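The structure appears below as structure tokens.
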Amino acid sequence: MKQTTSDEDSDQLPLMPQKSEQNESKETDDKGKLKNLLSLFRRPGLIWAMSAGIANTAHVVLLSKVAHASNPMQSLFTKCAFLLSFIFLVSWKDSDGYDCRDLVFNIMYGFFETLGSSAGVAAMVLSSTADVTAIMYNKAIPAAILARILIGESLDIIDGALIIINGTGLILICKLSVDEAESDPTSSSLGILLAFCGMFSLSLLYSLVRCLAYRNTADPSLLAFMAGCIGMVFSSTFLTLTNSWMFPDTSSDIFLFICLGGISLYGFYSFLRALKTENTYIVASSLTISIPLTYCYEAIFENRIVAWQTILGIFFTIGSTLLLHAKSFLRRDDTS
């Protein structure tokens, strides 16, 4: 009996290390999950992109609030006036190594940013703020396509599927705008057209910044300053020629204008910091967070009834964004 017992014990002894190995594998899996969860904090570009999307939402809301107090171009003037403060943050020592191509890229950035912003503020006067936001800030599709054409950034099959999903969401979100355009073609149609012009103009900014980033000459402060200079010249010239300067009368309007300029500073800087380290499509998709936030604002504070098509479009838009981020995390983990 003793012999048999000892044999049974000897048979069971090798099982003990197997349990410990299972525990170690579980601990390894838990550490891997925690690593994936904390991977966001190792990619500050994503955090900058999401914060830029939130800042864009606040910027759009403030634009709608100050629309009654001034001309839309004066809102652009206020934004550009605050952007001029970036001159104190420009790295002038690094700019000594820039060539003519870098200068052209910076000027083009300021031009297209001014063109897109001007179209956006004009569109918000003619159409719903949330609808214009849905068109202008869903820039992932044109930005990814332009980046592929102009600078050769990669797109795979999954990216193509996400582009289709994102585009479907854009169509559903804009359905109400199209309906309004059919009933009032003189204003809503023009607002939609301006919003699409603004979307394509602002989508070019991603490719321009990525070109500078590849050349290691992307200075967020210099780009913001250039956008402020060109935008201020354009808006002030327009306001002077049309004699449409309107200064805020009440202290609340003055406060809103100051907040508009401050949030423009933060949103602009966050956007450029994100593009320095992240892919164009990732940053563009992250900024779409402003779309549902703007609709939520109008539904809660302005008692707007959001149709089911719009809700489904928001779901597709945000869903494609989350899937894109999950795909980028997996790709980074595979290469690390």
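Glycine is treated like the rest: Cβ placed from N, Cα and C.
The structure displayed is predicted, hence computed values, not measured ones.
According to TrEMBL, the protein has these features:
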type	residues	note
COMPBIAS	1-11	compositional bias 'Acidic residues'
REGION	1-30	region 'Disordered'
COMPBIAS	21-30	compositional bias 'Basic and acidic residues'
TRANSMEM	45-64	transmembrane segment
TRANSMEM	76-92	transmembrane segment
TRANSMEM	104-126	transmembrane segment
TRANSMEM	158-178	transmembrane segment
TRANSMEM	190-209	transmembrane segment
TRANSMEM	221-242	transmembrane segment
TRANSMEM	254-272	transmembrane segment
TRANSMEM	279-300	transmembrane segment
TRANSMEM	306-326	transmembrane segment
Given the transmembrane segment (45-64), its same-chain partners at Cβ distance under 8 Å and 6+ residues beyond its ends are 72, 75, 121, 124, 129, 133, 137, 256, 259-260, 263-264, 266-267, 270-271, 273-278, 282-283, 286-290, 293-294, 297, 325
With the transmembrane segment (221-242) as the reference, which stretch in 76-92, 104-126, 190-209, 254-272, 306-326 has the largest tally of C-beta pairs below 8 Å? 76-92
Taking a Cβ cut-off under 8 Å, which residues six or more beyond the ends of the transmembrane segment (104-126) line up next to it in the same chain? 60, 63-64, 67, 72-73, 75-76, 79-80, 132, 135-136, 187-188, 190-192, 194-195, 197-202, 204-205, 208-209, 211-212, 222-223, 226-231, 234-235
Tertiary contacts of the transmembrane segment (76-92), defined by C-beta under 8 angstroms and 6+ residue spacing from its ends, are 114, 117-118, 121, 219-222, 224-225, 227-232, 234-236, 239, 257, 260-262, 264-265, 268-269
